[in-house]
Amino acid sequence: METQLSVQLGLDSLLTDFGLESVMNKQQQLFANMGLSDIGAPTPSTAIPVPNAHLHPSMVAGSDPSNPVVGFGFGSPSSTTSSSPPLSNSPTIEQQQHAQLTAMMQGIMSNNNVAVSNGSGVQVASVPAVHCSGCKSNETATSFCQDCNANLCDNCTMAHKFMHCFADHRVVSLTTPGTGSSSSSTSSSSSASSTSSHQVPSLGGKQSPDSMMLGSGKRSVLCLQHRASELVFFCVSCNLAICRDCTVSDHPSGTHQYELIADVADKQMLKMEQLIADARSKHADMLDMFKQVDNKQQVLTASLHNAHAQLEETVSNLINVIQDQKKTLAKDIDNAFAAKQIQLTMVDKRIQSMADKLSQTIEFSRRLMSFASPAEVMVFKQLLDTRLQLFLGFNPDTSGVLMTPCEIEYLGAAGLFNNSASTVSQLLGSVHGGSPINNAPAANDFLMPQAGLAPIGRAQSRIIPIEQNQLARSPPHHIAGSLPMNAYSDSNLLRPNKDFGGSSQSLGPFNPLGASVPGAAADPFSSQYDKWSLGVEPSVGGLLEGGNVDEEKFQTLFPPSRSQIKRQKMIYHCKFGEFGVMEGQFTEPSGVAVNGQGDIVVADTNNHRIQVFDKEGRFKFQFGECGKRDGQLLYPNRVAVNRTTGDFVVTERSPTHQIQVYNQYGQFLRKFGANILQHPRGVCVDSKGRIIVVECKVMRVIIFDMFGNILQKFSCSRYLEFPNGVCTNDKNEILISDNRAHCIKVFSYEGQYLRQIGGEGVTNYPIGVGINSLGEVVVADNHNNFNLTVFSQDGTMIGALESRVKHAQCFDVALVDDGSVVLASKDYRLYLYRFLPATSGQSTSSASSQI
């Protein structure tokens, strides 16, 4: 395949060689399929000028499939009707014939028999005759106009010869078969000249491409500007091939340097080869860069998803921090309200008591003055004078409660909302797009509020300044002067010294980086709002407010932090349960107890039933169904067992808030307490069969007998914050776990507050309490891990354990006589942990192992 440059194609012809070669190969294959091999190919001695269309390939005689097409010229067509001269010579006649055959494929004639003749009048082949398409006469066509693409009759052919509108049209004559006559290919500008059978018709009277072949066999190339001149020079100054005429007109020797093409061709081609090699190298580099761009695009896309995920996580964590802080502030508001309410209640009681006494005295004096004799009046005069003088001098508001404002003022950080956008952006961090940003906050800036910036919702006075690298709990004297203790009054401060309960008082956030528990330092959100509390005696209240406390006295007020307690690891030896409504499945196992045979009793709240398992976790039986009738349960939340009779005692939360009693086989016995109880939270049965119920929200303890009669009830609102578990010992003492006070409160059956066991840093957020077979107090909490802390009856810590498996949230726990504890978790499973060696003795110190 050779390429001839032309004005029409230009440089694009170099870029389309392979496409045209493919076209020619397809045409050659098509010729073979259409039967040209049966007709025969034209010989080189026969020139066949054929029009562009309307001829079937089978009309050409002499086709030979063994004679392949060897080339095709892409310059000016080498035919007698060419309107422009060629730029180069054709090396072979086969290329000329192939071009003519290609022109034949543009149209197929049918229905008439005509023959195509060459310029010398030689009949090539007979074809069906066609009619004139240039006029309406419908006469037989005798010629074909390539420019009009129409078959012409004799009249139309004559018009093409003499009319100016058809000037320069290329007309090819057609002869009827059998006549043997022929007409030459004509042009309107000049009559067609016949040629010999071995010649190719001239192109417009100019030299044919075959005559332009050089003697050496090389092709000559004509100048694009001077069409008759051959390119023989190369202008080095202009980097352009020129002819002799160009050296005179456009490239004079004085200003342009040019040489013969034969002399500089090799050197210039070497330069071109070097440029091509450089281009190949550049192309390879561009391919590598394309791969790099693709890799960068993939990395960029991955980083986009990662950045969005991190942003969502940061926002979620920030929302959680705000929610936790909201709960803390809500608790502070409730504490402030409770303290103020208790102060007003005490003043109210004193006023009411004094008013009753004064009313009685006035009534007695009136009746004395009305019905007694003067002598009798004089007998009581001194007494009445003294009593009335005391009444007149009585001041019920000795603490000035009525003189101080009673409103609860929330000191929100209102100034932060003026620049809330910048504040939130600092908390959320910034975006790095691959280049360093000068104003990006440091990594540690996110862990602590900036100087002078209080946490959201906190007043500036409650910020506790600490050092950035202070990871341990700060000594008490560091914060004694900075905490306004009077901002968090507790009800215990208003009681006499003998009644003071010493419950933990929430003092708000400690230090942002004071991680006192393992893993807290790794969480920047939880560490910023780490809570600490302090059991305060009234005798030291003034010292705390004054801030003049030495370190030794102050350290005695702090319970040991969690990091100072070495807890032994324990693992569970049994696990059972899953989510569902079938046997052995739970939707909310919120209460658990153990009977005298070691069976595990579970209150499945949302399934409205009680399930009983053996100590290996195998299902035994169940009772209860949803409803309010006898034998039906509605949201049972706690369960206890009477060790003497084996009866089950079940408490229900709202809307029924009552107690139901079933025998050991699950048969209904009785129910009571619906009009008495409000928010039952914990229940146990002591050794004498008395039912002790502790209520949250109203902070009340009610003692029933097994038939529902009230034996005792008393309020614990001054001591409890959020009770969630209860048990008794053999000393007629009631032990109540307080989740928010982080300790165990001990009361007598008459409601007298006795003592506290545990405290924050030791029993954080307890979920239950019980007495084991050795008479020891076992406190369970769910802070970070599932923890067990063992105390003596007087509050001395004996041991501490923690689970190897982290339990996110737990409902309830119960003790087993073999030294195990049953844990009801919010993952719908029950776990059995063994924390004491197995003992054969039964519990003698408590009738309840309920935690």
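Just so it is clear, glycine is given a Cβ too, placed from its N, Cα and C backbone atoms.
Features reported for this protein in Swiss-Prot:
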type	residues	note
BINDING	C132, C135, C156, H160	Zn(2+) 1 binding site
BINDING	C223, H226, C246, H251	Zn(2+) 2 binding site
COMPBIAS	76-91	compositional bias 'Low complexity'
COMPBIAS	176-197	compositional bias 'Low complexity'
REPEAT	666-707	repeat 'NHL 3'
REPEAT	708-750	repeat 'NHL 4'
ZN_FING	127-174	zinc finger
ZN_FING	218-261	zinc finger
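Just so you know, of the binding-site residues C156, C223, C246, the Cβ with the fewest other Cβ atoms around it within 10 Å is the one at C223.
Taking DSSP states H, G and I as helix and E and B as strand, the repeat 'NHL 4' (708-750) has 0 helix, 24 strand, 19 coil. Each residue in the repeat 'NHL 3' (666-707) has a pLDDT score, and their mean in this model is 93. The Zn(2+) 2 site, placed at the center of the C-beta atoms of C223, H226, C246, H251, has further neighbours from the same chain whose C-beta lies within 8 angstroms: Q225, S229, L231, I242, C243, R244, D245, T247, S249, D250. Taking every protein chain shown into account, C132, C135 are the binding-site residues, and of these the Cβ with the most other Cβ atoms within 10 Å belongs to C132.
The DSSP secondary structure for H160 (Zn(2+) 1 binding site) is helix. Remark: secondary structure over the repeat 'NHL 3' (666-707) totals 0 helix, 21 strand, 21 coil, with classes taken from DSSP. The Cα atom of H251 (Zn(2+) 2 binding site) lies nearest to that of H160, taking the binding-site residues C132, C135, C156, H160 as the candidates. Neighbour density for H160 (Zn(2+) 1 binding site): within 10 A of its CB lie 24 other CB atoms from the protein chains shown. For the zinc finger (218-261), the number of residues in each DSSP class (helix H, G, I; strand E, B; coil) is 7 helix, 15 strand, 22 coil. DSSP classifies C132 (Zn(2+) 1 binding site) as coil under the three-state reduction.
DSSP states for the zinc finger (127-174), grouped as helix (H, G, I), strand (E, B) and coil, give 12 helix, 15 strand, 21 coil.
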